[in-house]
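Quick notes on the structure that follows.
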């Protein structure tokens, strides 16, 4: 063995001498390696740049077409916009089908998976919203068919194509949302940016149409009095939106039923587009990423020992729904009664103030628990966490903008009257609640999950002697008492588990209550509550055009913030 080792060492030294004797040969492998890395880096940067250019161009063109079609005095019709949407929907669908077929047929096309991307509750929400979006498209098709004899066939083709797109995309994201693609990276980046921009253009289209439902004033001054409410204006818009002029009559009697039905499904379609956009962005960030192998925590959903949060949260949702229904019914009445209208608006303000106040108090309790909680912060960086935090903070800006505009208007006008006072209190409390909830969710997302501590059974070794004891002592009656230390250790462990238990229980109660509170705060604006226009102080202060622009830009983000908070709070609940 010694001779063999000596021969190996001599051969190694000889190779080193020969390598040093050849000029530049030592650095050649390093140069080749570095050049390979440079080529890879250039390829990656090229793919990111091209995909970003595709996304920006589609978004800007889509924004221009959506904005132009929203105004009657601009010569861009609804069919013009829908032709553009059909083209990008078909291109995106073709790419997703190609990706699915390619990954199935190509061995090792996707080697790594991101465990944090596409959690089951996010994909479940995507499937639920996708199903409701499909139902909305079916109602649209059934309604538009009645106008084929006098209107463009594109209005029937668009919901058909959108229905197919939703089916393909839901399957694609359910199966592949965790992929870290290693082959055809640039093509995949461009395809994912196409998917992202397509969903964002669909989101802009639906938000614009939804906003027009809420804020377009009637253009029949001779038929309606000057004090026509915004709901009658919305109803007038629904009766004529997308169906040509008044001379175009539906060929079947169910048109009005389908119109009302799909109108109330718009919020789900809007959320579907945002969910899909977020998941496509995470996939884009994961292209070429080598996911680290790490132990994945087995986290299960359980409501064991949780009582106060669900009970009070469900009570809050039911109460909010009742007041919201009463408020909407009063706003929908054709007759105009100032007292009844003000009473309904006051009831809506009071209910929102109660909800936001209770949520703020519970959030403070949750933040206090974090202060005495010594769990480690997550050190691993991943695109999903960064996106969650970015979307949370970015989407909350919409509600911040509306609240601060309301605060300025109320303070500038002196907040005279009980409605102005309630509106001011609601805006201030909303700002406080948003800040506290953002801190609570972000802190919870960056904490390591709780670990169950199993009781450790300590079996003392009778042969380990304490100083001054003789081995013969252990052979006597004292052997019966050798297990005395075990109960002491077990009691200590039980006490430690009890301390963790009450922290976990409080955090879970807070998470469930906040989750249900965000649900009712999503339902009310998503399904038509617009106190910003029913209470006219801001409209008079900023004038209608400016105030409607503020609300129509900020409110969609505020609605998405509530739904995104529900998903984030659910994850914090599981980690608690």
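Glycine is no exception: its Cβ is also placed from the backbone N, Cα and C atoms.
Keep in mind that what you see is a predicted model, and the values were worked out from it rather than measured.
Per TrEMBL, the features are:
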TRANSMEM  46-71  transmembrane segment
TRANSMEM  83-104  transmembrane segment
TRANSMEM  125-147  transmembrane segment
TRANSMEM  153-174  transmembrane segment
TRANSMEM  305-327  transmembrane segment
TRANSMEM  347-370  transmembrane segment
TRANSMEM  391-412  transmembrane segment
TRANSMEM  424-442  transmembrane segment
TRANSMEM  506-524  transmembrane segment
TRANSMEM  544-561  transmembrane segment
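Between the transmembrane segment (153-174) and the stretches 46-71, 125-147, 506-524, the greatest number of Cβ pairs separated by less than 8 Å involves 125-147. In this chain, the transmembrane segment (347-370) lies close to the transmembrane segment (424-442): three or more C-beta pairs between them fall below 8 angstroms, excluding pairs fewer than 6 positions apart. Between the transmembrane segment (83-104) and the transmembrane segment (125-147), fewer than three CB pairs separated by 6 or more residues in sequence fall under 8 Å, so the two stretches do not touch.
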